[in-house]
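A short write-up of the structure that comes next.
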Ligand code: BDP
């Protein structure tokens, strides 16, 4: 930025004020000197910010065709005119300008150089959302980074400074929507849509609005009863409909740009339309109708299954549930309804196949739901970087109409020409100073935002970017931290549940090994290990029929033991411990070997990190080191529990003599 000392912007709006502030602040931090802000160009080099209708922008740049930039895209150009350099940050809208600023600052910080900059970008997904599972008492369901930044003791915080910092952080990676409360809406949060809390929700929404982020709320389907005193919440009842209409009108009086509702209904004991003999489409459409006049939307979750099932009855396979429930409604939901579908058919396990529901809906808006918070992947005490997993999901070809029907194209709406779509993910932040508990877990939040913006980015490029932005541009740091991150998912999988079978965690908190923890309960989460073998037969021929929910060729590939991807073998098949993998190794030996390997790898993370001593801030170095030690020792526990269990169950010795009764 040599020679530059001025920012020019001749427009004013709430979002442009934010953009200006962020630009000036970011420039001062990266260059070390303050830039002047003026409304007119002078005879010097300048960064020019504004929408395409700004006069100053038009002076520098004319004839830019910007239709495809849409409402959130932007362009960044370097223009040299009459010996003066101008870096132009422009867009159709102020929001696009804000994103341009963040992109530009990212380039400066990662040292990419702006000498010949010329780019145009627009997000691939309309909705790029974060779901908070925060409760108003201050706790966070599945939160591993402290307490809520929004609430304490059933009240909103008066001071929203932390929320503002959070809004900046989210906007800098392009997040544009947030739900403030847990999908499990308890008694107190039911009142978020009433006069009691709406003034507070409006205060928070105002903070997010400054950063282009729309506020949504999770709602309780039984609100008409619990908050409205009605005898029913039947979606077909005119009084219930009226109650929702009035409630929605009230919300929009407080928050004119309110986003809409997120709904968990008829799932894990939450109320829903089933009580009244209605279905999910009836429930979602009723709420959608109340929101239509205000431009709001309903995001209806598909995490619906029988959580009180009999483990002996394989016909109710939980993996089948979302597809079985929701495909019959394809085409029945209003245009302002989106179905939110978890990446896999079970529940954010370390490895699952992609949910077949993405391939089963052609006339319905869809959102992919990911979990940034590491509920089943080490709870931010273990390093488990999930961007490579998410990439696999987004790139998965569903083969629903022809080749190239990736999950990314389905959820963006591109494939089936849907008006709405995108991605949502469960937040991993809390009030810990470093936001995410484990410092390196920040990479998951960052990576999520970048992928939500553009699912085509590679895991490597996102990772390198995060490392450079977080720790600076030292080559050793970049190489070591990137490698640690990119290898961590595989390491975590090696010492936990094998070959896609999932679970094997302590019930309740889901931390730590417990092979039979969920085996004899009613949640539909089984591995069927006995003395002969392990795995769930989900084939059409002899099992639950789940493989039949996929389009060809996946249905056949998963069905056959010969072609099933091995990392998912036990998800789809029940096999004897002596079953030989393509490598020639038996399943039992594979379990032993990967668990020993996983521990060695977890230990080697410590050595890798130690190479960075004196290259990082001391407190950051020590903090991560401590977590890596904890991970390594916990990995040993996993290894010993899993290996001993299978040794006892199968009676088959480890070929290398390492597994002993303990
Ligand atoms: C599971 C969590 C549970 C959530 C549920 C959901 O264990 O806390 O309420 O998902 O997504 O992963 O609704």
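Residue numbers in this text run from 1 along the chain shown.
Using the three backbone atoms N, Cα and C, a Cβ is placed for every residue, glycine included.
Keep in mind that TrEMBL annotations are predicted by a computer and have not been checked by a curator.
The model shown is predicted, which means the values in this text are computed figures rather than measured ones.
Residues annotated as domain 'Alpha glucuronidase N-terminal' in TrEMBL: 4-104. What TrEMBL lists as domain 'Glycosyl hydrolase family 67 catalytic' is 108-435. Feature annotation from TrEMBL assigns active site, proton donor to 268. The active site, proton acceptor annotation in TrEMBL covers 347, 375. The domain 'Glycosyl hydrolase family 67 C-terminal' annotation in TrEMBL covers 436-658.
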Completion exercise
Across all protein chains shown, the one of the active-site residues 268, 347, 375 with the most other Cβ atoms within 10 Å of its Cβ is 375
Completion exercise
Whole-Å Cα distance, residue 347 (active site, proton acceptor) to residue 268 (active site, proton donor), is 13
Problem - Integer Å distance between the CA atoms belonging to residue 375 (active site, proton acceptor) and the residue listed as 'active site, proton donor' - result: 17
Fill in the blank from the handout: Per DSSP (helix/strand/coil reduction), residue 268 (active site, proton donor) sits in coil
Exercise for the section: Pull the DSSP breakdown for the domain 'Alpha glucuronidase N-terminal' (4-104) and write it out as helix, strand, coil residue counts. Expected result: 38 helix, 28 strand, 35 coil
